[in-house]
């Protein structure tokens, strides 16, 4: 807590690394069981792991560092936003309840809390942080393609069997059983996970100390901009692969493959061609998501760190929701993804144009982010922000 910003950076590096260790176990074991054995069995393993984590969390509560409640910072920020955006409405409210907007010290709750001056300083910090975090929403739209449209694209590429063809002296039943074991499409996510597992230790132990020693260590905002570039590159590569896949489809060069209970007519291109887009989205995760967590925590006032972190995760959910909404919009009649005969079959759709649209959105917002980040840096270096007592700048 008192080791400064570099300790916060290292903490979030290893937090993310630990999360991806769990992802490796999930993708290798659970995804194989769900696709090739029984989906309900694989799902029950996930439920069991979540229950185990819940009980570990309960048993570990005595060692957690907890803080007593000091009042709602969210309500204070909403009141200040109302006063700034709708001064007439706030004046009417203060006229009806003159004691409500400016409580006296002895009228506040018994728990210690921020003073009105600190609330105003925190509100000014929040106003500066929010534009930076909002411009990350298009990045989350791109990021969550890894778990949605990338998977759908992979199901329409040739997925090889886990076990190669066996000699003729093998039993027919054994050959049939082994040939039904196809590589889980979700295993492609391992490319993303492995990048995080390898690059986080390299970045934490080698790259960051070296850059810090040379005084070239980029700020969290600069890393986030770089992460947006890799996200842009990932969805661009996905669009190029989809164009190539559609060329095979239009020439009627397809192979049928059964995944679970469904049959997919896929292009003869190997699913391994998706690895570059997963690698690029993994690199973007290191530069955008981890520094984004660090930025949300370190730039927030102490009394609002929980709220700012909550806003960060909320905006990632907003990005996922907007991406799904865009898919739903483009699935309407006349849209690029409209396919009424077989929902989920992308062979008659233009998903490549959808990927290129996401790339354009990400490129435009990346430029906007760079401008906002430069403006934030200039304001943060001003005399007002330097004198703010409630900030934890390490």
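Using N, Cα and C of the backbone, Cβ positions are placed for all residues, glycine too.
No curator has checked TrEMBL annotations; they are predicted automatically.
TrEMBL lists 12-33 (among others) with the feature transmembrane segment.
According to TrEMBL, the feature transmembrane segment maps to 39-65 (among others).
What TrEMBL records for 90-116 is region 'Disordered'.
Residues or ranges marked as compositional bias 'Polar residues' in TrEMBL: 99-110.
Annotation comment: TrEMBL describes 125-143 (among others) as transmembrane segment.
Annotation comment: TrEMBL describes 186-203 (among others) as transmembrane segment.
Counting same-chain residues at least six beyond the ends of the transmembrane segment (224-241), those with a Cβ under 8 angstroms from any Cβ of the stretch are 136, 139, 142-143, 145, 149-150, 153, 218, 269, 273-274, 276-278, 280-281, 283-289, 291-292, 295, 352-353, 355-356, 358-359, 362-363, 365-366, 369-370, 373. The annotation transmembrane segment is assigned in TrEMBL to 224-241 (among others).
Counting same-chain residues at least six beyond the ends of the transmembrane segment (309-333), those with a Cβ under 8 angstroms from any Cβ of the stretch are 130, 133-134, 136-145, 148-149, 292-293, 296-297, 300, 339-340, 354, 357-358. Summarising the annotation, TrEMBL assigns transmembrane segment to 309-333 (among others).
Under the heading transmembrane segment, TrEMBL lists 353-373 (among others).
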